[in-house]
Structures are given as structure tokens and as C-alpha cells.
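Feature annotation from TrEMBL assigns NAD(+) binding site to 30, 35, 84, 119, 261, 325. As annotated by TrEMBL, substrate binding site applies to 202, 247, 248, 249, 250, 251, 255, 318. Taken from TrEMBL, the feature active site, nucleophile covers 258. TrEMBL lists 311-413 with the feature domain 'UDP-glucose/GDP-mannose dehydrogenase C-terminal'.
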Ligand code: UDX
């Protein structure tokens, strides 16, 4: 089967490479010539475990090109995996998807199935189908199918090769058959439904997970007030199979390319249809507040951060990726700088991307120790392994005042107490040594 994939971002490239791993011949299309040249030479433009290894392993079956006409004209299946960024009003920007749909319509010279992998608002597949049919340059039949992806950054290849489920949304049996053939070697349950339901499965899944995180974050906030421990609470809840033990990690809120965007998009869509999605709205609001939680905590120790060395550990929205999209640091660090703080930031892979957004005003450090030097306070934003494995004594020996605000609950309370540091985390008791106010 000849497969083409439009877009080589997280979704497109991972899809293309994993389909090749399962024996398909895949052409990946992108408009960025520099990126295409890079991928042709076997280099992945994004950091994702195993991706580059599989690109090299399957190079006989994988090609990269900017020539979309050549890639689409004789393809049996064309995946659309381009981005759908968030617009100012929270709705999804579909410009790239529609552009690709038009290019496909003008290029295809044989019957094919167009598969929409990008996360698109419910009903978009119908629009894509109409757009393709009205722009077809040849007398061919093009089916449109929805096939959302559920990969997480940092484990994208593993999530795709070992998918929890494959969702196929089709309006005709033929397209369903073709996709079942594409996925025949994937060892995953296949859910075949209509297109709108497939589109909804994607949004409902992501929004449910976002809701779960906001819920546990609210419970964590309440735990702090009443003196309960969120780690124990989540542990105790997780044994109930109906709840499950995943996505119950309290912290400073979710970021990334999906949850913030998909919650807002579904909320927007509901509003558009005069329906208020109250639970999703609550998840969004809780998350916005949660992102500022550590900064609010810092007021317990300092009235202002003016003139203070502030260590920031972790910049990315989660470990295992260099992606900064919707990372809590993007709102926190500018506020710290505005307050007059000398921000000293460390991250194992995120610094280059952060530098592009903030080339000045931040001291970027190549080690945790360097960031902690003479700091009056430390903020932990990402639970990188290096942070978890740090000897806690270092906070006391390197910092001017060992006050650690941990937005990811990286340490045991007993260890923090033993290390003699002030340790203020999420949803747990604060470990205060004798010296707690440095105002
Ligand atoms: C997510 C979904 O998991 C994936 O299925 C979907 O296809 C895309 O969106 P991703 O954004 O890559 O994937 O990361 P994920 O690991 O889900 O984490 C998202 C955010 O939630 C991160 O900021 C993470 O720190 C936060 N999170 C996650 C929590 O705060 N607590 C948790 O228990 C889990």
C-alpha cells in the first residue's frame, strides 16, 4: 500500500515512521525544505525517543519531500497530520488542514482514502470532504476518514506502535476496510464508528484527562488547607479501577500542545452551539490558577523577588521533551522578571527553545548547581530525573536561603526535613525549618 503523510510535526512524522516500521512504504511531505533535507539525511527535527533510530532503520521504506503533487498523485492512503494551533478565541485554526485538503484534491489521480489525523473540531471531516470533492482535478473517488491519534510527547513512538486503541471514523464501509488493512499488524483494539464520533472520542478523551488533572489539583489545594497529603490521597484513590491510578499527579497544572488547546476548542464549540460545557470550563479555570500557585506561595517567604537570585529548575511542560508549548514557566518567568528577580534557569533540553523566546534577561545555567548558586529561592517546574536524583543537601549548601518551592512533588517530605531545607510542595505539609521568612 502506498501511503503519504502531510506534515512532519509530532503527529505526522511519528505516524509516518511507525507505519514504515510496520512495513508500509511512506512518503512524508512538508513545505519546509530545510526540515525535509534534514530528515532525508536521517535526522529527526524533533526530540522523541526511538524516532531517529526507526527513521534510520526503515530508510528504505521512508522518503521525505516538498513535492506534494508527486507524493499524493498515486497514493492509496493520504494521512493529514498538520498542526491545528489555537486561535485567540480558543477555536482551532484549520488553515493548514484546509490547504493540504485542497492540494490533495488537485493532485490525486487515482481513488484513495484521505485520513485526518490532526485534531479537528467535530464536523471538520465533513468540510474536508466537501472541499476535496469540489476541487478534484481528476475523475476519482476520494473517501475521507477520521483517525485521531492519542500519542503523548516523550513516548510518541511507544504510544503509536503499541496504541491503546485505533479509532476509525468513516461514512462508508470501503474506507473502513482500507484503514483496517493499514493497521492490520498493529496489536490494538480497533473502534470503527462514524466520523463525528471519532472526532469526539479524541476531544472527550483529552478533555477528560485534563479534567482529572484539574480535579486532583483542586483536591491538592484543599489538602494543603486542611492538612491532608495529596500523594497519599491519590494513591488511595487509584486502587479503585473505576478511577484508575494514572493522571492523578497533582502539580502546577497541565501544559503541552493538546490539553490546553483541546479543552478550549471543545468549550468554544459547545458555546457556538449554545451549550455550556461547565466541567471543561472549570478544568480550564482551575488550570490557569494552578499555574501561578508557586508564585503565590513565594509571597509567604518574600514580599517581592526584587534583586533576588531565583533558581528555576525545569522549563519544559513535562520531562522527556524540549517542547515549551503552554509550559507554566512561560507565564511565571516573565512575572518573576517583572518583579525584579534575577532568574537563573536550568533545563536539560529546553534552554535553546526558551532562549528563542527570551534571549535576554535570564541567566541560562548548564547545571542545577550553577542555577542554585546564591539563590534566595528555588522553583521546580518540571520533574526531570536529574532534579529527582539531586542530593537535597545541595539546596542547603549552595543556596543563600534554602527555600524550595516544588511544583511537581519531586521529593519525600522526610528527606526534605532531614536536609534542613524549607520545602513547600503541592497538596502536602510545608516543611519549615526555623528560618521561614526572609522578607
Ligand atoms: C496528551 C495526552 O496524554 C495524549 O493522549 C494526547 O494525544 C495529547 O495530549 P502530552 O500533552 O504529550 O499528551 O502529555 P501528557 O503526558 O499527557 O501531559 C500533559 C500535561 O499534563 C503535562 O503538563 C503534565 O505535566 C500534566 N500532568 C499529567 C499532570 O499535571 N498530572 C498528571 O497526572 C498527568
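Every residue gets a Cβ built from N, Cα and C, even glycine.
Worth saying up front: this structure is predicted, and the values here are computed from it rather than measured.
Cα to Cα, residue 35 (NAD(+) binding site) and the residue listed as 'active site, nucleophile' are separated by 23 Å. Taking DSSP states H, G and I as helix and E and B as strand, the domain 'UDP-glucose/GDP-mannose dehydrogenase C-terminal' (311-413) has 34 helix, 19 strand, 50 coil. Proximity of the binding-site residues (35, 84, 119, 250, 261, 325) to ligand 1: a Cβ under 6 Å from the molecule is found for none of them. Here substrate is bound by 202, 247, 248, 249, 250, 251, 255, 318 per the record. The longest Cα to Cα distance in that group is 24 Å. When the CA atoms are compared, the binding-site residues lying within 10 A of residue 255 (substrate binding site) are 261, out of the candidates 30, 84, 119, 261. The secondary structure of residue 35 (NAD(+) binding site), as reduced to three states from DSSP, is helical. Maximum intra-site Cα distance, NAD(+) binding residues 30, 35, 84, 119, 261, 325: 25 Å. In terms of C-alpha distance, the listed recorded positions 247, 250, 258 place 258 closest to residue 84 (NAD(+) binding site). Spacing of residue 30 (NAD(+) binding site) relative to residue 258 (active site, nucleophile) is 21 Å (Cα to Cα, whole number). Around residue 261 (NAD(+) binding site), taking its Cβ as the centre, 23 other Cβ atoms fall within 10 Å, counting all chains. Cβ-based crowding with a 10 Å cutoff singles out 251 as the top-ranked of the binding-site residues 251, 255. For the domain 'UDP-glucose/GDP-mannose dehydrogenase C-terminal' (311-413), the mean pLDDT of the prediction comes to 97. In sequence order, 216, 217, 219, 220, 230, 231, 234, 409, 426, 427 make up the list of same-chain residues 6 or more apart from residue 250 (substrate binding site) whose Cβ falls under 8 Å from its Cβ. Rounded to the nearest whole angstrom, the C-alpha distance between residue 247 (substrate binding site) and residue 261 (NAD(+) binding site) is 18.
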